[in-house]
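Database features, via Swiss-Prot:
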type	residues	note
ACT_SITE	CYS96	active site, nucleophile
ACT_SITE	CYS99	active site, nucleophile
DISULFID	CYS96-CYS99	disulfide bond
DOMAIN	58-172	domain 'Thioredoxin'
SITE	GLY97	site 'Contributes to redox potential value'
SITE	PRO98	site 'Contributes to redox potential value'
TRANSIT	1-57	transit peptide
Amino acid sequence: MASSALAVSVAKPAASPPVAVAAVTPQRRLLPQCRGVRAAPVVRLRSGRARGVSVVCAAQGQETSFQVPDVTKSTWQSLVVESELPVLVEFWASWCGPCKMIDPVIGKLSKEYEGKLNCYKLNTDENPDIATQFGIRSIPTMMIFKNGEKKDAVIGAVPESTLVSSIDKYIGR
């Protein structure tokens, strides 16, 4: 048997930065009330993990939400208990992701039900006494009060239709 020697010539690779960037073609998706999506490429780190696509939404300049006023321990009695209208209170915290998701819905409902329903937000981190008084264990929690009494509660970032059906029971639409 003849022995054959195979000589392989390998070029020495040039020095590269520690992070290699993989080229990606971003998909263009439209989000509601946005001009479009700008995507960042996927970046592969040495650990093998990848960062996802970064989505940036640019509002089209129209008013997208209504600022819901805050209620605190000091204003609770006058704004909620003594209100002549039914009151929707959103119990929330600044660090809560689902609270941020439901916030625009509460703002929209506040605007739609203006004159029929008062809407307020209560920060549970800043007002733990009231949150404890009403047994708040999950946020966001939306409670409806009528004549100063708790009538209904909806827990979690629910669809707008769920909140509307709860509200409509107490405002006589």
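Heads up, the Cβ atoms here are built off N, Cα and C, so glycines get one too.
Over all protein chains present, the Cβ of PRO98 (site 'Contributes to redox potential value') has 14 other Cβ atoms lying within 10 Å.
Break the domain 'Thioredoxin' (58-172) down by DSSP state and the numbers are 40 helix, 27 strand, 48 coil. Summary: among the active-site residues (CYS96, CYS99), the fewest other C-beta atoms within 10 A of the C-beta are counted at CYS96. Summarising the environment of GLY97 (site 'Contributes to redox potential value'), the number of other Cβ atoms within 10 Å of its Cβ, over all protein chains shown, is 8.
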